[in-house]
Amino acid sequence: MDAILSFLIMFMMMTLAVVQAQLRYGFYFSSCPSAEAIVRSTVESHFNKDPTIAPGLLRLHFHDCFVQGCDGSILIAGSSAERNAVQNIGLRGFEVIDDAKSQIEAACPGVVSCADILALAARDAVHLSDGPSWLVPTGRRDGRISSSTQASNMPSPLDSVPVQKQKFSSKGLDDHDLVTLLGAHTIGQTDCRFFSYRLYNFTTTGNADPTINQSFLNLLQAQCPKNGDGLRKVALDKDSPAKFDVSYFKNVRDGSGVLESDQRLWEDAGTKSVVQNYAGNIRGILGLRFEFEFPKAMIKLSSIEVKIGTEGEIRKVCSKFN
């Protein structure tokens, strides 16, 4: 099964090459042949010490691409920089990108962009979490703008499905991409403060969100006490939070989505059908489908508004402009 899956994903990636004409596979083949291997070994080293860094890197790439495109703008440090927007609270993995960048600069100075390192690291994080791997088109250049005020349209856990659809559509991502990319919540955690309103005073009624499965509600209330500080971490996928699989979709189907924006996918006809397809009961087939579709959605995401050619710059240090 692994060999067949690898072949299918490889074939799919090659057929997408024409679509991704602005980027290309093997962009650094001649200029920095060790680049991808360095990123992989760096991510693996950090992952072996702390597997929770994987969802952090995936989220970091997603947040980067949704503001100014996939240009590494999220990596810039500074009080008014993008990473300090309220929408980016809790982002992590910056040290992994900085580590990889410093090693690549030692091998190939001024060649590999931070934006590409981030895209590659996200792919490697998924694969290390027992998810699929894929060929990442490269050739992005780093942006010269990073502003916290531009992060206002980031997807939010409070968003209704129509709002989620609008935000994704504005980036060239369709409803199928929306559900597929939210499947990244099969790994990672969130804070109680981002969903506890669903547990005790949903829509100011004094009751819990009625879409939450009762046994799951009891579990969440135990993890997030009514008068707690809200900073306790809760797994986004209660069944296999460290493994990249389809149990997230099964949870949404069964009323066990943690974030309101996740659970609402079951209430919209268009998104529900995609959730159903991924969460079905035919073992193996459904996992294969998600592993096939997720790389395609990630390549679309990582191609949003990229800077190429002479646009932007190749930063020497990812956290500051040249």
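In case you wondered, yes, glycine gets a Cβ from its N, Cα and C as well.
All TrEMBL annotations are machine predictions without curation.
What TrEMBL records for this protein:
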{"type": "COMPBIAS", "residues": "145-155", "note": "compositional bias 'Polar residues'"}
{"type": "DOMAIN", "residues": "22-322", "note": "domain 'Plant heme peroxidase family profile'"}
{"type": "REGION", "residues": "139-161", "note": "region 'Disordered'"}
{"type": "SIGNAL", "residues": "1-21", "note": "signal peptide"}
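Note on the region 'Disordered' (139-161): DSSP counts are 5 helix, 1 strand, 17 coil.
On the 0 to 100 pLDDT scale, the model's mean across the domain 'Plant heme peroxidase family profile' (22-322) is 94.
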